[in-house]
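Only one structure is covered here, and it is reproduced in the block below.
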Amino acid sequence: MSSYDNHQALAGLTLGKSTDYRDTYDASLLQGVPRSLNRDPLGLHADNLPFHGADIWTLYELSWLNGKGLPQVAVGHVELPDTSVNLVESKSFKLYLNSFNQTRFASWQDVAETLTRDLSACAQGEVKVALYRLDELEGQPIAHLHGACIDDQDIEIDNYQFSTDYLQGAASGKIVEETLVSHLLKSNCLITHQPDWGSVQIQYRGAKIDREQLLRYLVSFRHHNEFHEQCVERIFNDILRFCQPESLSVYARYTRRGGLDINPWRSNGDFSPATGRLARQ
């Protein structure tokens with residue numbers, strides 16, 4: 001359980017509440033959640049973050065009307081910088097996108113500019129938006145996260161409560177540079193406690209991290225309640241704190257919900273995330 005799940009900043013969210021679905025444009029549907037909510041307990045401050053990164057969203061259910069009333073469809077790619085004041089709450093994002101459905105826009109550029117303006121205002125940061133026609137994405141192969149998968153270990157687990165204890169003494173010995181991947185990440189929505197399923201890629205240079213301890217740590221998120229972005233920052237912070245690598249990058253790709261998937265990454269080095277969708281996305 002997070003220490004801030006009853007914070008007043010969450011009280012006004014539509015998440016977990018019955019809502020009306022509007023199909024005409026309404027920017028007020030967007031709701032932001034302060035990033036400071038989970039960063040403050042971790043000792044992370046906006047003016048001295050130990051990482052850089054972004055939250056990459058894929059919008060699969062995006063439709064509007066053109067100037068003549070003909071429906072248009074697109075796949076959207078959105079990037080929120082980790083330096084934005086707020087993250088965007090996903091249910092509000094879905095409701096906001098639904099409000100485009102019966103709204104006429106003069107051009108695709110008009111749609112992209114509207115999304116950029118509204119999301120930047122909600123996040124209080126510079127958001128990037130790109131729209132893709134379906135024929136631009138047809139034939140796109142299923143991607144995979146590069147690295148050594150740590151999931152097929154013959155270990156017994158009977159505790160699924162979140163704990164950083166699994167990382168105690170996890171790094172020792174010679175300096176290595178490696179990339180590890182797990183598809184067993186499961187956390188739960190901070191408000192509704194619905195399951196969030198993801199794959200995580202951890203790239204680091206430093207003392208070798210024990211793979212069993214790392215996997216036990218990741219599995220301990222199974223009953224943990226936080227938003228996707230917050231989980232990635234927690235993983236980054238915990239590995240940095242306990243394993244003290246020289247460089248570290250953490251990237252998670254979560255399965256979609258409500259036509260949206262969220263793929264946050266954080267790094268203190270040179271890292272360029274692969275943006276192709278995975279098998280479960």
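Every residue, even glycine, has its Cβ placed from backbone N, Cα and C.
Residues or ranges marked as active site, thioimide intermediate in Swiss-Prot: Cys189. The active site, proton donor annotation in Swiss-Prot covers Asp196, and the record cites sequence analysis as its basis. Here Swiss-Prot flags Val88, Glu89, Ser90, His228, Glu229 as substrate binding site. Annotation comment: Swiss-Prot describes Ser90, Lys91, Arg257, Gly258 as NADPH binding site.
In the three-state DSSP assignment, the secondary structure recorded for His228 (substrate binding site) is helix. Figure note: comparing Cβ neighbours within 10 Å for the recorded positions Val88, Cys189, the maximum is reached by Val88. Taking the binding-site residues Lys91, His228, Arg257 in turn, the residue surrounded by the fewest other Cβ atoms inside 10 Å of its Cβ turns out to be Arg257. In terms of Cα distance, none of the recorded positions chosen from Val88, Glu89, Cys189, His228, Glu229 sits within 10 Å of Arg257 (NADPH binding site). Counting every protein chain shown, the number of other Cβ atoms lying within 10 Å of the Cβ of Asp196 (active site, proton donor) is 24. What surrounds the NADPH site, by Cβ distance within 8 Å of the Cβ centroid and not counting Ser90, Lys91, Arg257, Gly258, is the set Phe93, Lys94, Gly259, Leu260 from the same chain. Taking CA atoms as the reference points, Ser90 (substrate binding site) and Gly258 (NADPH binding site) are 8 Å apart.
Here the binding residues for substrate are Val88, Glu89, Ser90, His228, Glu229. Their largest Cα to Cα distance works out to 11 Å.
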